Amino acid sequence: MEGLAEAGSGGHLAPLLDGVGGGLDAALLRRLYAGHFLARWGARMWEFSVGLYMIRVWPGSLLFAAVYGVVESAFGPMVGTLVDSLTYLQVLGLWLLVQSLSFIVAGISVTVLLVYDDLKVTSLPVFVALVVVTNVSGALAALSTLAGTILIEREWVVVMCGGHPPAVLTRTNSAIRRIDLSCKLLAPVLSGFLISFVSAQASAVALALWNVASVWLVYWLFVSVYNGVPALGANSLARDAAAAAPEADEAVQGHGRDASDWSERLTTRLSVLPCWESWAVYARQEVLLPGVALAILYFSVLSFGTLMTATLDWEGIPAYVISLARGFSAMVGIAATVVYPAAHARLSTLRTGLWSIWTQWCCLLLCVGSVWVGGRVASAWVLMAGVAASRLGLWMFDLAVTQLMQDGVPDADRCAVGGVQSSLQSVFDLLTYVMGIIVSDPRDFGELIALSFLLVTCAAAMYTLHVYRVRKHLFHLDKIFAKMQ
């Protein structure tokens, strides 16, 4: 909601009001923010609630929660290629249609599983069928949401801010992220209170009804933005032309290749793999290490995600308490979107990312310590506190890497790189749930905490290496020594 209020005031977006051809105005910006808010609300409701649903469907085990996460993440690498091959309006329509229908189906199937909680005993085939429907529909909804994220955050925002000072892009990224985190704050609170004080079934029904009511409004808001910004239409046509050009070039160049060149033969064989060309483009970027470092952070249970939420519920923490803790975590993330522009203005994008990821690392030391804290409930509270505090560094780092990629990736490669980045994040997210299947006993959750912290350490080291390669130093030692004298 804070992001919507900022959009209404004009604020930092005043330079955008000149637009391209005079077509962009404050009303369009409000529609962009409102559409993003409405679309993200349903996604955040489901993201929080699905872990609680699954632990109720199969009490005492993280297996179902982990299996759902595997299904959701397994097909992420396909989304980037799909987005790159369609026009903006095609992606928009497909995203909203699939997301809404999938959440409606998932809400209905979960409601049946929760109402008839003895199905696994009385009618196992029906139980299995409903679990499959829930997993597949929820995964489709998540994948369509990923397509929408690529479209709005990595394409439209960059195009709309083109030709304006870098500070405009910085603040717009922060506003978009603030809206998402506002949904992450408010939607779980609503779901948590419904689950705790009404029922889990009521929460699932509310999710389905929300998507029925909102999808048409969201589509109208985004289409009005597209029609009101000529640069979006022009860029969409340019993407189509660019997508066709490589095929023609490849046909011409194919006749001149030396068949004896082993590297050419290897490239030819690898090119049959799905999305190979997009991954090759990604690997050539100067921002490769920051992108991979950000993706590694998705291989973590320290996130108030499905596995951590299910574990806290198993520990006996009430659903409304978990939702409030998650809400506080989102508030810390919202604070990060306010702090980031100021830090960016003082430190630059590269150095802001460095300080941010090590801030996250320091906060997560609490979570590692929670493994050795006496008492399950006390350990759970320490875990929630550490994860919530770490969101300041995490979201500032996310914004820094996003802007590094927006600034450093050529226009022709931006959508492909954005798709691969989202796909890579999905792959690491998938690995998290694979580990959840392997370590499915909630009593062993400490092992997943330790692994997650080790991977955050690896990501921080990787980004630090990138900073050193670019700047040739990490600290201004001459200034430090001068102050010591």
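Here the Cβ of each residue, glycine as well, is placed from N, Cα and C on the backbone.
Straight from TrEMBL, the features:
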type     : residues : note
TRANSMEM : 50-71    : transmembrane segment
TRANSMEM : 92-115   : transmembrane segment
TRANSMEM : 127-152  : transmembrane segment
TRANSMEM : 185-210  : transmembrane segment
TRANSMEM : 216-234  : transmembrane segment
TRANSMEM : 287-308  : transmembrane segment
TRANSMEM : 320-343  : transmembrane segment
TRANSMEM : 355-374  : transmembrane segment
TRANSMEM : 380-401  : transmembrane segment
TRANSMEM : 422-439  : transmembrane segment
TRANSMEM : 445-465  : transmembrane segment
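Non-local neighbours of the transmembrane segment (320-343) in the same chain are 2, 48, 52, 167, 170-171, 174-175, 177-178, 181-182, 184-186, 188-189, 191-193, 195-197, 304, 309, 312-313, 352, 355-356, 384, 387-389, 391-396, 399-400; each lies 6+ residues outside the stretch with a CB under 8 Å from one of its CB atoms. Counting Cβ pairs closer than 8 Å to the transmembrane segment (287-308), the top stretch among 92-115, 127-152, 380-401, 422-439 is 422-439.
Counting Cβ pairs under 8 Å to the transmembrane segment (445-465), the stretch among 92-115, 127-152, 185-210, 380-401, 422-439 with the most such contacts is 422-439.
Take the transmembrane segment (422-439) and the stretches 92-115, 127-152, 185-210: counting Cβ pairs under 8 Å, 127-152 has the most.
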